[in-house]
C-alpha cells in the first residue's frame, strides 16, 4: 500500500506516520510539504492508494491545490485534512472530487476508520459535519464512484472476473474485490449482472 501525505508541518507528518503504520505495517509512506512538491513526486509515482492533502499550504492550496493534485494523480483517492472544520470549504472540496475529510483535532482511531473507508472506495465525512445545518455536507451515495471504480465497473460490464480485472488494471484481486463491493453498494446492486444493467441505465459508462 502506497500513501502520500502533503502537509507543510513536519512535526504533524512525523506523528501521522506512526498512525498510518497502524493501517498496515508494510505501508509505503511518501511525504512532501507543498502541492508543487507532490507534482514532482508524480513524475516518478503516478498512483497512490491514498493521498492526504492539508487544506492550508504554502503556494497552491484549497480547491486550486486539490485540482492540481487530481490532475497529477487522477486515479488516486484524495482525503482532505485540516485542523479547522470549515464546512463550506470541505463541501466544495468534496464536490470537486475529494473522497473525504478527516480532522487533525479528532482521535487517531476516528482518522484511521475514515481513511479505511476511503481506501476501500467509499466517501468519508465526519457525522458532526455531514449532519449539520447550513453549509453541512450531504453526500448522494447513489452515484459516488471513484475513477478507479469506474474502470473496475467497465471491466465488470464486459464480463471479466476479478482476477482478469486485477491483471488488466494492475491491482491485487483483493483490491478488485473491495472495489466491486463498493460499486455494488453505490449502485444498490446485488449481482454483477444487475450492476452492469444499472450502470448502463444510469449512463455511467
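Each residue's number is its place along the chain shown, starting with 1.
In case you wondered, yes, glycine gets a Cβ from its N, Cα and C as well.
Keep in mind that what you see is a predicted model, and the values were worked out from it rather than measured.
What TrEMBL says about this one:
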DOMAIN    2-119  domain 'Response regulatory'
DOMAIN    138-203  domain 'HTH luxR-type'
MOD_RES   54  4-aspartylphosphate
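The residues of the domain 'Response regulatory' (2-119), classed with DSSP into helix (H, G, I), strand (E, B) and coil, number 51 helix, 24 strand, 43 coil. Same-chain residues at least 6 positions away in sequence with a Cβ under 8 Å from that of residue 54 (4-aspartylphosphate) are, in sequence order, 6, 7, 8, 9, 61, 80, 81, 82.
For the domain 'HTH luxR-type' (138-203), residue counts in helix, strand and coil come to 44 helix, 0 strand, 22 coil, using DSSP.
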